[in-house]
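Everything below concerns the one structure shown next.
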Amino acid sequence: MILGHAARSLREHGTIRSVTLQDSAFLRACRRQPVPHTPVWFMRQAGRSLPEYRKLREGVPMLEACARPDMIVEITLQPVRRYNVDAAIFFSDIMVPLKAIGVDLDIKPGVGPVVAEPIRDLAATRRLRGLEPDDVPYVTEAIRELVRELGSRPLIGFAGGPFTLASYLIEGGPSRHHEHTKALMYGAPEVWTELMRRLSAITLEFLRVQIAAGASAVQLFDSWVGALSAEDYRANVLPYSSWIFAQLAEFDVPRIHFGVGTGELLGLLSEAGADVVGVDWRVPLDQAARRVRPHTALQGNLDPAVLFAPWSVVAERTDDVLARAKAAEGHVFNLGHGVLPTTDPAVLERLVEYVHTQTAN
């Protein structure tokens, strides 16, 4: 495939294979290698908690910001400058590839993704076309610039997992119970299979574009998959997540898998083929280490709400996360979910420094 060749060419020319980049604490931790300190980054580190982000986004809709390379680059770099995190994560949204292939959707402030015409039958599903690199030229342009700017600091690419994307398309927006999604999954298996196949291909291509442009790790956010039982996940989602991770194996970049409320699914998230499994705050990391398959690193898992407590509590809870993480084969420090919008940036800055200091060899 052309994109696969592009990604390999970039690696051969040093964008991915750079010695200093590969020796970064983040990539070493993902590969379960010794690290100079526990690496830190935060989900939603680029976002509403930063005043510089809010200023830049004034009057600019989310999907427009995600399609402007200049804004993507600046927003991605903001938390790197402020916090000294060990990795940047590409600024985008999981709905971007769906918007790029013509799905009528918007991201409404205070609501989230809203789809004009929910997809609930085979005809609508078959109208979802595949994603091509030319659909998202702004992604390639922005990532190439970011790789130049970041130097030896890794850039994480990402995409939405197939279940989460399916839920937004079927429900028409955010859902607490995912009732339409589950009804379709249970009652119309042929529609579900076709939808998941198409979404998996779209997700894979979106990740390939990012790797080809220079992303040195990728995370699959299947945020809402915790709504499923282990049995339903194994039957209806695992085959598609496994396929995505298997297709990514040739690029030799760390693959991270994350979902919220997935304590009972951690073994299955690991089974899907990720190198790193993200853990939310509900499961201690020493327990999580016993649930995932061997040769899997962990990411997480401080409760985002703890950051609103006095610093002594933040430090105590952080120490607990770090202590329990010793049971894992590799550890990337993160929150158990995204940074909350009203989080004080000064606390995050202090937290990064604290983790680096406490774990320095």
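Numbering starts at 1 and runs along the chain as displayed.
Just so it is clear, glycine is given a Cβ too, placed from its N, Cα and C backbone atoms.
Per Swiss-Prot, the candidate among His331, His337 that belongs to the substrate site alongside Arg44, Gln45, Ala46, Gly47, Arg48, Asp93, Tyr168, Ser223 is His337. Between the alpha carbons (Cα) of Ala46 (substrate binding site) and Asp93 (site 'Transition state stabilizer') lies a span of roughly 12 Å. Separating the Cα atoms of Arg44 (substrate binding site) and Asp93 (site 'Transition state stabilizer') is a whole-number distance of 10 Å.
The Cβ of Asp93 (site 'Transition state stabilizer') lies under 8 Å from the Cβ of Met62, Leu63, Cys66, Ile107, Pro113, each of which sits 6+ residues away along the same chain. Counting every protein chain shown, 26 other Cβ atoms lie within 10 Å of the Cβ of Ala46 (substrate binding site). In the three-state DSSP reading, Tyr168 (substrate binding site) counts as helix.
The most crowded of the binding-site residues listed here (Arg44, Arg48, His337) is His337, judged by how many other CB atoms sit within 10 Å of its own CB.
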